[in-house]
Amino acid sequence: VGTRVDQKVALALFFACTGIENIDEAITLLEQNNWDLVAAINGVIPQENGILQSEYGGETLQGPAYGPTSHSTAASSTPSSSSAFRHVVPSRQIVERQPRMLDFRVEYRDRNVDVVLEDSSTVGEIKHILENELQIPASKMLLKGWKTGDVDDSTVLKTLHLPKNNSLYVLTPDLPPPSSSHSGALQESLNQNFMLIVTHREVQREYNLNFSGSSTIQEVKRNVYDLTSIPVRHQLWEGWPPSATDDSMTLAVSGLTFPCHRLTVGRRSSPVQTREQSEECTDVHMVSDSDGDDFEDATEFGVDDGEMFGVASSALRKSPMMPENAENEGDALLQFTAEFSSRYGDCHPVYFIGSLEAAFQEAFYGKARDRKLLAIYLHHDDSVLTNVFCSQMLCAESIVSYLSQNFITWAWDMTKEANRARFLTMCTRHFGSVVAQTIRTQKTDQFPLFLIIMGKRSSNEVLNVIQGNTTVDELMMRLMAAMEIFSAQQQEDIKDEDEREARENVKREQDEAYRISLEADRAKREAQEREIAEQFRLEQIRKEQEEEREAIRLSLEQSLPPEPKEESTESVSKLRIRTPSGEFFERRFLASSKLQVVFDFVASKGYPWEEYKLLGTFPRRDVTQLDPNKSLLEVKLYPQETLFLEAKE
């Protein structure tokens with residue numbers, strides 16, 4: 001195959017060699033390599049010794065290195081300078097097709113699990129992965145959604161002729177469905193408030209913190225960081241229920257005692273550095289005691305990699321770095337940190353204790369000024385480079401200090417196959433199948449690997465993949481190069497965040513001014529409404545009083561005895577009454593009538609005796625003070641009299 005061929009032929013050969021099905025992706029990769037087929041294939045399908053070699057003068061043709069800081073060269077002079085994807089093979093070696101990768105999205109109730117496998121895998125292997133993810137025995141699963149006929153656990157995926165992307169679903173007829181009452185109780189718990197009494201162990205101080213049931217354990221730890229200045233990854237807790245296995249778990253389902261639960265937090269003593277130790281590790285230009293030649297295979301000279309440091313291999317591997325099939329990533333990282341310290345000492349990077357998702361949250365999703373790069377260290381006990389890399393590079397004080405200041409460091413052990421498969425699944429989910437395939441094709445002796453990840457707005461970008469055959473200076477240079485890229489992006493993010501906060505502050509001020517204006521308008525309107533209501537109430541009272549007085553007046557008017565005629569044979573008294581307004585009205589009464597009849601007559605004219613007094617002229621006297629049961633004759637209002645009405649004080 002020549003280095004330059006017809007583009008259509010090159011595209012067809014590229015499909016056949018790489019298994020890539022997306023034509024846009026294939027054309028992009030070829031264009032990036034100026035339609036150099038060999039270089040494009042080398043960049044996509046890394047192998048232990050490469051893929052093709054040019055037949056022109058023995059010049060090695062290599063693919064581009066992965067990540068923006070690596071460089072492609074015509075030939076590699078030393079192993080220490082090789083990129084994560086740079087390999088060569090003897091001339092005219094036949095290109096072998098790599099196993100085809102299949103993507104499966106498996107749905108189970110309210111969960112989706114992404115699985116990536118080679119087409120040489122079996123259906124049973126999918127169930128095995130789902131068993132770890134869903135915590136459901138494989139024997140209880142019915143995996144449905146296949147486009148073909150009968151499929152059992154031994155069926156090889158290649159024989160089903162599946163497309164690259166597939167959707168399946170899991171049925172569990174032998175398992176009881178979740179009850180609705182449980183869902184209702186869970187929803188009620190999410191709405192409840194939990195009182196957490198957190199004791200800071202070092203200063204013996206208690207904090208009473210209120211959280212809703214929908215808050216996560218991670219949010220609690222971040223709040224405690226604000227109070228105690230202990231970073232989340234350095235916090236050592238006591239009192240969490242056994243069921244609280246994941247920081248992304250809500251308090252409602254974590255098993256906390258409601259409504260009050262006691263916890264204790266302290267600072268993890270190891271491997272956290274003190275400030276003095278950190279200041280001692282600030283020389284980022286520290287030169288390693290060994291050069292790149294130290295990383296050649298030491299077994300060629302009959303020396304075991306453990307014995308290079310005066311320690312037998314059996315002593316280095318008393319226990320695995322990480323338990324196989326660990327259910328909780330945090331517990332696995334605790335064992336990893338403890339075992340790493342026992343092997344290589346306490347001066348090593350501070351590994352984040354928690355899930356990879358929690359590490360993302362810590363590194364990428366805070367305020368722009370607080371964000372950091374994420375460094376993922378992939379360990380492999382079977383690699384001849386591991387002990388040299390860990391003891392001389394990863395534990396160098398300059399590297400430890402630089403990682404501590406600028407990175408969140410997360411680790412994983414790839415020695416066991418189950419742990420390797422688990423990480424590849426996480427890698428596919430977070431970084432995509434290309435990065436997962438790259439790590440999958442790394443040989444054992446290319447480990448350990450150091451992945452530098454930068455969080456972006458919509459995705460996570462792998463800036464660099466550093467292999468174990470490096471030096472302290474080269475490792476530091478790559479870390480600093482990644483930091484330069486991150487710093488530029490961080491400054492843009494800080495600027496965008498500051499502008500967004502400024503806009504939000506202006507909006508909040510405008511909203512507050514508008515709210516105050518609305519409050520003033522509402523208060524004014526309410527005052528007017530109260531005044532109108534009061535006026536209406538008083539008017540109603542006045543009307544009711546007038547109606548009541550009118551009713552009383554009519555009643556009194558109807559109860560009055562008839563006025564005697566002038567030609568009556570009985571003694572008649574004629575009374576003339578003057579009102580306060582100067583008007584007069586007069587009436588005849590029988591001399592034998594009681595004084596009360598006069599009072600009733602005056603009241604029927606609108607002058608009740610409770611409000612007015614009736615005065616006589618000669619002599620001046622207050623008639624209303626007299627006995628109302630006496631007759632007019634007895635009170636000397638006969639045969640005629642003029643009286644005056646006067647309002648009482």
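Glycine is treated like the rest: Cβ placed from N, Cα and C.
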TrEMBL annotation (region 'Disordered') - matching range among 62-87, 270-295: 62-87
Intrachain residues whose Cβ lies under 8 Å of the region 'Disordered' (554-574), provided they are six or more past its termini: 586-593, 597, 600-601, 603-604, 632-633, 637-641
Secondary structure content, the domain 'UBX' (568-645) (per DSSP, counts of residues): 13 helix, 29 strand, 36 coil
